[in-house]
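Peer 1: Structure in structure tokens, see below.
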Amino acid sequence: MKVFPAVDILGGRCVQLVQGRRESATDFGDPLSCATQWLEEGATALHVINLDGAFGKAQANAALIRDLVDVTGVEVQLGGGIRSIADATAWLETGVDRIIIGTLATEHPEVLGTLASEYGGARIMAGVDARDGQIAVEGWQQTRGNFCTWATRFEEQGAGSLLYTNVDIEGLQQGVRLDPVKELIRMVSIPVVVAGGVSSPADLQGLHQAGVAGAVLGSALYSGKITLEEALKAIQ
């Protein structure tokens, strides 16, 4: 199991949001400095979200993210505003290890297969953002049916992995809800990475025992509620 420190980028800065709300942003400085700090503390992978992309500017921060990939040299998964095959291709060609396809995957699931056949399924991750058991899309503003049903469909279409985010608890640092995670893992055979609510060693141990492939650490890491050292120790 891997721990992915989050590097969420908005306006060229590393930020953390609460519940995905732009107005809740707390600024943590230069994204590359944040990324470098996590690597120095033992991270071997990063979860990079282009929030400007999620808020409508698809190629915002491209040069910065390319630099981050080049300078860090570690595994990077990237999401945020990938709304077309052209967007996906542009980001894959920056050298990120995999891209996270969210709303686009629910609108055009066949895109997952198209991209997987071109770049390999391992580089295509489908985002399963769930609210009240439903998949949440369009910046979590709309829901479109049972999240497990969508997850199995994404796997059938060619996604090589899934990013499960529990929108109900994301950014609140209140702990993970394991039941939906376990339900999802039972339904699919591809790796599942979990985001949302991960805020203690116990959360990470629970996820590890449930069989997840990775966990994203965001708000709890930046606020100091958990250290990266504690997180890495919890999954040994």
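Quick reminder: no glycine exception, Cβ is built from N, Cα and C everywhere.
Per Swiss-Prot, active site, proton acceptor is recorded for ASP8. Taken from Swiss-Prot, the feature active site, proton donor applies to ASP129.
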Peer 1: Taking just the CA atoms, what is the gap between the residue listed as 'active site, proton donor' and ASP8 (active site, proton acceptor) in Å?
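Peer 2: Computed Cα spacing between the residue listed as 'active site, proton donor' and ASP8 (active site, proton acceptor) is 16 Å.
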Peer 1: DSSP secondary structure for ASP8 (active site, proton acceptor), reduced to helix/strand/coil, please.
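Peer 2: ASP8 (active site, proton acceptor) sits in a strand per DSSP.
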Peer 1: If one looks at the chain holding the residue listed as 'active site, proton acceptor', which residues at least 6 apart in sequence have a CB under 8 angstroms from its CB?
Peer 2: CYS14, VAL15, GLN16, LEU17, VAL48, ILE49, LEU51, GLY218
